[in-house]
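Q: What TrEMBL shows for this protein is this:
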TRANSMEM  A:12-45  transmembrane segment
TRANSMEM  A:85-104  transmembrane segment
TRANSMEM  A:110-131  transmembrane segment
TRANSMEM  A:171-194  transmembrane segment
TRANSMEM  A:214-233  transmembrane segment
TRANSMEM  A:240-260  transmembrane segment
TRANSMEM  A:272-293  transmembrane segment
Amino acid sequence: MGIYLPIAEMSVNVFVLLAMGGAVGFLSGMFGVGGGFLITPLLIFYNIPPSIAVATGANQVIASSFSGALAHFKRKSLDVKLGTVLLAGGIVGASLGAVVFAYLRRLGQLDLIVSLLYVAFLGVVGGLMLLESVNAMRRSRSGESISLRKPGQHNWIHRLPLKMRFRASKLFVSVIPVLALGAFIGFLASIMGVGGGFIMVPALIYLLKVPTNVVIGTSLFQIIFVAAFTTIIHSTANQTVDVVLAFLLMVGGVAGAQYGARVGQRLRGEQLRALLAMLVLAVAIRLAFDLFVRPESVYSLSMGGA
Amino acid sequence: MRVMALLHASALLALLPVAFARAQEGSPENIQIGLSTDRVSITSDFSGAELTIFGALDNADPLIARQGRYDVVVVLEGPSRPVMVRKKTRVLGVWVNTQSEIFRDVPESYSMALTRAPQDITDPGGYRQLALGPANIHLQPLDPEGDPKTIEEFSAALRDRKEATGLYSVRVGGVQFLSQSLFRAKLTLAPNVAVGTHRARAFLFRNGMFLRETSAQLTIRKAGLEQRLYEFAQDHGTIYGIIAVLIAIVTGWLGRMIFRKD
């Protein structure tokens, strides 16, 4: 069944979009990520113009993050204070990102930069996760106990001034790295149309040493707001949010997420991380392929002469 | 030119001079077209459409009509807008947009229907004179001082891309005579057809000679919800964004209520 997208100005298949949303939702429920990093590339593969894919991806991320954050809020596995500080940085980063986004679009280099950012970040994050999870699997096989958090062991980040106490995370840390991390992810969120969970989660665990149990909830909490802010900014500046497209993806996504979560509970942590790593790498390779392989046509048209 | 066209029509060659002479005696032929609607609405299930235009010849010479020597070309031209053509080249192994050329007033879409193959109606020069057909649309670069070779390359690329996306199309046999003076043109509206005022033009040829043209206007617009959403997004971007966020939150919340498993 075809449906006409009012903003993308094209006709698409409803079931393809529902299935796309469902599949990504399933994976995001399974792995506890927002799924924006999968949705945006998938939309681009489906010939949705990248500027619309990015802005609409951000809109879709709100739904899945909100749904996920609710669960964490109930379980109290969410640090509102840490999330708010991250968010303050995130808003600044997202505003900057939207300006850069509009500039790149005028320049005609948006598609390239979006793809390059995806390849770089997905490649690095996927690669690191795969290494880490394979190591963890090897260690657990040889019977060693593993703990990501080693109390008392501090890195350079913990020597910065302007310290603040985050009770829920049992953390006493400078606000500078927290704000910087928030800003960096907000920036990426508005250029790539992602929530940034796939960078936020490892950064909180490895850099700030936030306990794993509050990481996902906190990350989801701040993603809701950054993604909401990004959606509004894009809609104001570029008019590139397609609500019909976003809604179809959300419906598929929230349904898929619940089933994914059940499957996720049956798999072991390091296996789950290894699978996610491979998925992330696969998307990166697919996007890299498009960058390096001669396109079907080297010419492209854009409207308005700008 | 006329001689050229006559030579092409090999089967009827012998009869043509007679017919031609007779047509000149009567009052001149005229062509008219009528649209069943002056508005086409794009609704949520729009996936391209076929537009039918009816038309009639006035004072058609019955003999020429019987011999099928009247030809009609109908064109539906979309609104014109500036277009930028970009070219990718390989930089360090990566395909990057490096060159670009802006053209003024490029028709968004160009759908053509003909009674017969273009070369059987008139010669290339005739099409060029009338600026008829995707290949003859006049493309004016924003910077006319540019290298003519580059401009030619980019205008060819523009036509090629427009054809590849179905926005420029040619339908041979798309115009059919229903009787000696009545004809029907079927034009293709691509799924991504631009909204705005389109112009339908019909060209009448006799024995390869262009006689007359007529035109009519057609408005293509988004209907109902699509139209309102589009306008709302353009005029009230911020409020649209806030509503998009609220929809997402409600969907996320409902999704959890309905599907929750914990």
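Just so you know, glycine gets a Cβ as well, placed from its N, Cα and C.
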Q: If you count Cβ pairs under 8 Å, which stretch among A:85-104, A:171-194, A:214-233, A:240-260, A:272-293 touches the transmembrane segment (A:12-45) the most?
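A: Result: A:240-260.
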Q: Does the transmembrane segment (A:272-293) reach the transmembrane segment (A:110-131) with at least 3 CB pairs under 8 A, where each pair is 6 or more residues apart?
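A: With 3 or more qualifying Cβ pairs, these stretches touch.
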Q: Residues of the same chain, at least six outside the transmembrane segment (A:110-131), with any C-beta under 8 angstroms of its C-beta?
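A: Sequence-remote neighbours of the transmembrane segment (A:110-131) are 37, 40-41, 44, 50-51, 54, 101, 104, 188, 191-192, 198-199, 202, 273-274, 276-281, 283-284, 287-288, 290-291.
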Q: Using Cβ atoms and a strict cutoff of less than 8 Å, what residues sit near the transmembrane segment (A:240-260) while being 6 or more residues removed from its termini?
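A: For the transmembrane segment (A:240-260), the nonlocal Cβ contacts are 3, 5-8, 12, 14, 17-31, 35, 39, 43, 48, 51-52, 54-56, 58-60, 63-64, 67-68, 231, 234.
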